[in-house]
Structures are given as C-alpha cells and as structure tokens.
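Visitor: I am attaching a structure below and will ask some questions about it afterwards.
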Amino acid sequence: MAVRGILGSRRREYQAPQPHPSGARAPKLPGELVPEHVAIVMDGNGRWAKQRGLPRTEGHKVGAERVLDVLQGAIEIGVGNISLYAFSTENWKRSPEEVRFLMNFNRDFIRKSRDQLDALGVRVRWVGRMPRLWKSVAKELQIAQEQTKDNDLLTLYFCMNYGGRAELTDAAKAMAEDVKAGRLDPSKITEKTVQKYLYYPDMPDVDLFLRPSGEQRTSNYLLWQSAYAEMVFQDVLWPDFDRRDLWRACLEFASRDRRFGGAVPNEVLLAMEGRSEGG
C-alpha cells in the first residue's frame, strides 16, 4: 500500500507506515482535533538503562529504535509536524565519553534512517546552532535535508545542539546587528519581527508538548513556539515509548480542545488498543 503526496504540480507515492506489531490502529479523530505540531522531549534513556544494569549508551540505542515507530504513528493519525529534542546545548556538560557517543550515534542514525524517512514522505529539518556541532553530524543533517526537502506528509524538526534560550539569544543578536546597520527600525519591532529571526520562521507553533519519563518540565525546549502548547507528561521512559503513547497523548490533546472538546468515542479507544467492541 502506498500513500500519495502532492509535490507542487506532480504526485509521488510514499511508502505506507508499517502496522504496529500489536495490530493497534490509529484513532480516527476529526482533523481539527489532531495537533498540527507535536514537540517531544525524548527523555529516560539513561534511567531505562540503569534499571537494567546496562550502560547509558544502551538506553540511547534502544531509544533511537522508537523514533521511526513514532514517526509512522504520527503519519497514521495525521500529525503534520514532529520536533524531536535529540541533543541540547546543555548536553555538552555531560561526560566527554557520552558526548562523543551521542555525536557519533546521531550522525549514524541520520545516515542510516534518511532513505526510510524519504520513502515515508518525511521532510527533515535540522534545528540548532552550527558552532561546536561536529562537522560530520552537520554534514549528515544537511544531506538528509536536501534529500527530503520536497516531501510533504510529515516534517521532522531534528533539534541537534539546540536550546530555546540559545535560539532567542541568536535572534536578538541578529536583530541588534540589523538595527545597528540601519536595516531594522527598533520602534517597529513586534512579535512577528522576532519570529522572522528564529531558526525556522515558518515552523508552526507547538500544539502538543509531550514529555515521557515522568519528568514535568520543558528543559529549555522550543520556548517561543510552545507559548500556548498543551502539555502532556507520561510515566513511560522513552525506550519503552511507541506510537500508541503518541496516540494517547493526541487523544488527551483532543479532549482538552475547548472549541471542539468532548468525550472520545469508546470505539476509538478500542481500535487504538487493537481491540473491538465485541472483543
């Protein structure tokens, strides 16, 4: 089965998402109840590994396996944009060994996954600072961006060497330079002006901010874009997370929508669990 996307005046068939092994199906929600942009803090890899007596790196490896499953679940339910917090500007404070592992790991993950992401119709966008990021990682991100730039089923914002405060600081510096050069009138700066100086001015605002692992904080992630986001925190570590947890979060989001809110039909919940009314 293929999924058809529209690229300008031409059409392209994408690979359909692989079904979940349990047989679970995405809940059918009205389009207006599906979050357009879901931001995810992939948290809990280290704790997952520690609980099993494994090195932290094993938690990262298993966590990476969850990414493609979650992205396929996003396509199935109709989410148009996913942001993943892969490496923050604060992560440089970790041990040199773990930082080295994460750089190599993210580089290899991007290289190995880009063909599958392309086949699924995912457009990859790298969000973050260039300085200090390993050149080999930046190279793979740039290749993935170029390869997938025309895809239109789902946009993946891969946040690597990213921090919300760093983004706002960089925007302020760029505005200050334009004011100094006479290209920007400070008396006319508005929120829309600031938006234009962000890494991706056209990034949609975050509708659903999702954090597994039981922690309840934003961790300096997409601060500007998440101003009006609904926050959902789940008590599941990222290596145990899959598309069904994403769907549950989307159902929670739908139930909070005051304009269209209401109880989620029982058949929707049963289908998501791979069950039916009679079973």
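Each Cβ is built from the backbone N, Cα and C atoms, and glycine gets one as well.
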Visitor: Which one of 1-29, 88-116 shows up in TrEMBL as region 'Disordered'?
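Guide: From TrEMBL, the annotated region 'Disordered' range turns out to be 1-29.
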Visitor: Near Trp92 (substrate binding site), how many other Cβ atoms are within 10 Å of its Cβ?
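Guide: 12, counting other Cβ atoms within 10 Å of Trp92 (substrate binding site).
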Visitor: Counting Cβ neighbours within 10 Å across all chains shown, tell me which of the recorded positions Asp43, Glu230 comes out on top.
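Guide: Most Cβ neighbours within 10 Å: Asp43.
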Visitor: Using C-alpha atoms only, work out the spacing between Asp43 (active site) and His60 (substrate binding site) and round it to an integer in Å.
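Guide: Distance (Cα to Cα, whole Å): 10 Å.
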